[in-house]
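This report refers to the structure that appears directly beneath it.
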Amino acid sequence: MAVSVTKEEMDYTIKPEAGASNISTEDWPLLLKNYDKLMVRTGHFTPIPAGCSPLKRDLKSYISSGVINLDKPSNPSSHEVVAWMKRILRAEKTGHSGTLDPKVTGCLIVCIDRATRLVKSQQGAGKEYVCVIRLHDKIPGGEAQFKRALETLTGALFQRPPLISAVKRQLRIRTIHESKLYEFDNDRHLGVFWVSCEAGTYIRTLCVHLGLLLGVGAHMQELRRVRSGAMDENNGLVTLHDVLDAQWMYDNQRDESYLRRVIQPLESLLTTYKRIVVKDSAVNAVCYGAKLMIPGLLRFEAGIEVNEEVVLMTTKGEAIAIGIAQMSTVELSTCDHGVVAKVKRCIMERDLYPRRWGLGPVALEKKKLKSAGKLDKYGRANEDTPAKWKTEYKDYSAPEEASAHAASESTAKEDVAAALTTEQDEAPSSPQSKMDVDETKEEKKRKRHEGETAEERAERKRKKKEKKEKKERRKSKQEKEDSDDSD
């Protein structure tokens, strides 16, 4: 407990620095551990007084961004246990890392409120089990024969879910990574083994297959999950009673230390991911779904590959999102522009950090030109746009052909319409020509909405929806009046 208190009291934050850091970060918590070993793109950034270290969150935020490594008891189902947790902690949402059968015990990661966004990633993570198997008869080869059979059942295996399972009984392929025999008693027909496997593996089916291999038949007697994803039973495992007592202590004694001990920050599930540290000024843009670009990058881990899942984090060690890397470590070290990662699952709340986009010199110049009417409302060039802007400004968000077309386009709408009319008069009407006209209309429509911001798109869609609803109301009113007249 003394260690956790000390960790909460200390200030764990990446500070702006001119040279290499001399601080040892081996004992720093969660995502900041060994951050000094990360590769540095730049040490310069402006810290923003927003957000805080995961261990220093106020209790409400700590619980709503927390996970519990629960020791599931035997008999209740996983869904029942999670529902009880929701009621005990008075949370809005809870989720778990993968179903355990009612009789199975062990690690069940319960995610609370904001942390439920990580449920999908944890359900697909690897699992480890310890199983007690009961054979239906003695085997002549004894322990050696059992070991051989266990080794045979490694790698990719065909499995069909047991009858007891509440899922469709389809044949599926699951991988057994490793297995070890702990104990075997041929006289009592019992064996205990450990297995590391892919998510969705049925150990009950594995036991039946072992029995078939040994030629005597077998079934699963008992099962315990000892690891689920990033958490194992040595990593702060708590019981339902611990959670109930911790909540009672807070309600009656106002002592939150027990709740902080049973609940861990959601960042503890992401320690196995490769890290990318984001500048404070870029955090809120990523929360709104923006891709992380090179200027917003501070540090990154070695060995990142393209399309690999990474965790985007703040300088205070908070997880922002799970992203898909768009550049490898080598490219990140050498490039000065481009997309670093795109967001797969956003974790952090929006507007926890202030908005900082649109405040650069180019963005401010663009705003001035838009307000002066020298750019259209979507920021695209028109006939009044200065030649210097057309040549120097590069729009990275727009497709190259579209921006080139927009820059070179000087024909008035009337001329285009006149040209189209002339072509229609000259050419005989055919299905092909109609299709061409339709394509032209679609292209025009697409270009008209190109380059608009998320807020402008949302506003346009809202107006369109209101117009549609108004039209439907008018239509239904007209139909009602017509029916009244006919009566």
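Placement of Cβ uses the backbone N, Cα and C atoms for every residue, glycine included.
Look at Swiss-Prot and you will find ASP101 tagged as active site, nucleophile, backed by similarity to another entry. Secondary structure at ASP101 (active site, nucleophile), taken from DSSP and collapsed to helix, strand or coil, is coil.
If you look up Swiss-Prot, you'll see 400-410 marked as compositional bias 'Low complexity'.
Annotation comment: Swiss-Prot describes 435-459 as compositional bias 'Basic and acidic residues'.
Counting residue by residue with DSSP, the compositional bias 'Basic residues' (460-477) contains 18 helix, 0 strand, 0 coil. Per Swiss-Prot, compositional bias 'Basic residues' is recorded for 460-477.
Across the range of the domain 'PUA' (273-348), the DSSP-based residue counts are 17 helix, 31 strand, 28 coil. Residues annotated as domain 'PUA' in Swiss-Prot, with sequence analysis given as evidence: 273-348.
Positions annotated as region 'Disordered' by Swiss-Prot: 400-487.
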Subject >> Other C-beta atoms that fall within 10 angstroms of the C-beta of ASP101 (active site, nucleophile) >> reply: 19
